[in-house]
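Peer 1: Before we start, here is the structure in question, set down as structure tokens.
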Amino acid sequence: MSRILFLIAVSIAIASQKEVVIKNEKCRTCNFLVSTFDEGLKKTERHHFAGGDTAWEEKNLGKYKTSETRLIEVLEGVCKKSSLPNIDKFTGISELEFKCASQLERHEETIEEFYYNQQQNNMSIWLCVEQLKLCCPNGHFGKTCEQCPGLNMGADVCSGKGSCHGDGSREGSGKCKCDSGYTGNLCRHCDSEYFEESRTEQGVVCRKCHEGCLGTCTSENPTGCTKCKNGWTMTEGEGCTDVNECSNESACTKDHEVCINTIGSYHCDCKEGFKKDENQNCQLDVEASPDRPFMPIDQQLKMIAFSSLVIIITFVVWHGSPVLYVLTGIAIVALILVDLYVNPDTIPDEAKRFLGY
């Protein structure tokens, strides 16, 4: 029983170490409301009362900028995706328009307060951060909007080399999630297989080691490696160099195999015209499509024999030599043999493709 409780405790401890994924929907929904409200203000900023006498209307009805008429026009597009040219930053929020409309209804008086008396302020900060307390300013996190690591030391958030968990929301742990190549609470150290190129009070710049390095290095060149990965070897003056495994006769010893050297490794492949079967053996690929001759082999042989016969007969007619008579007979016999025994129908289907049929 105690063992089971121990395992449960360990599982809970491991789970607690995992960062909770922050959807931050309430804050993002508020910002969606603000974005559509701002868009409405932009579209109506050059409008005026429709009566024609602007001076009289503003004197008796008030400024159009803060008029109820304009507010009604602005609210027509609030919480509608179609009001914005791009909504990519709000993707992932289910029922976005409905949730936005609910916020608008719950906080109608606060939004009207902004419209009538607070337009000089940034609406996102004034409404979502200060009044509704759904968001935090950039670089802050949690219920009380604490400063993210780095910012509280006068530097960039996570030294500019990572992101703060919960940044901009009323959630999160504030821990830094470092960019690739960086590590540490403030992302001020280089990770494994990276080296420190420079360091200032603001942070550090890390560069990736050469691909042949194992662990740490001092530069991005192969000579900067302290150790080499498998498939690489340390060479004096050159550092980690790729091992050509194909130079070893014991590599790729199966029938019809060829060795292909790759960076840091190698693999065995089949020769052209062969492919691997289910047992990883190279077998003749009957479906392969090699280059075909311009004419079938039997026709080539017939063409050669016939051409030779014509040439020999021509010399016989001109010179009447007994030797040429013998050669003529040989050419005739060769032509007959080719015609008799080189028959396309007798060639196996597996080989026809290679003979050009």
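Backbone N, Cα and C atoms are what each Cβ position is placed from, and that goes for glycine too.
Remember, it's a predicted structure, so these values are computed and weren't measured experimentally.
I grabbed these lines from TrEMBL:
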type: DISULFID; residues: Cys178-Cys187; note: disulfide bond
type: DOMAIN; residues: 150-188; note: domain 'EGF-like'
type: DOMAIN; residues: 242-283; note: domain 'EGF-like'
type: SIGNAL; residues: 1-17; note: signal peptide
type: TRANSMEM; residues: 301-318; note: transmembrane segment
type: TRANSMEM; residues: 323-342; note: transmembrane segment
Peer 1: Which of the listed disulfide-bonded residues (Cys178, Cys187) has the least company, meaning the fewest other Cβ atoms within 10 Å of its Cβ?
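Peer 2: Relative to the other disulfide-bonded residues in Cys178, Cys187, Cys178 has the fewest Cβ atoms within 10 Å.
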Peer 1: Using a Cβ cut-off under 8 Å, which residues of the same chain at least 6 positions beyond either end of the domain 'EGF-like' (150-188) come close to it?
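Peer 2: Contacts with the domain 'EGF-like' (150-188): 19-20, 22, 24, 27, 133-143, 194, 201-204, 206-208.
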Peer 1: Within the domain 'EGF-like' (242-283), count helix residues (DSSP H, G, I), strand residues (E, B) and coil residues, in that order.
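Peer 2: Summed over the domain 'EGF-like' (242-283), the classes give 3 helix, 18 strand, 21 coil.
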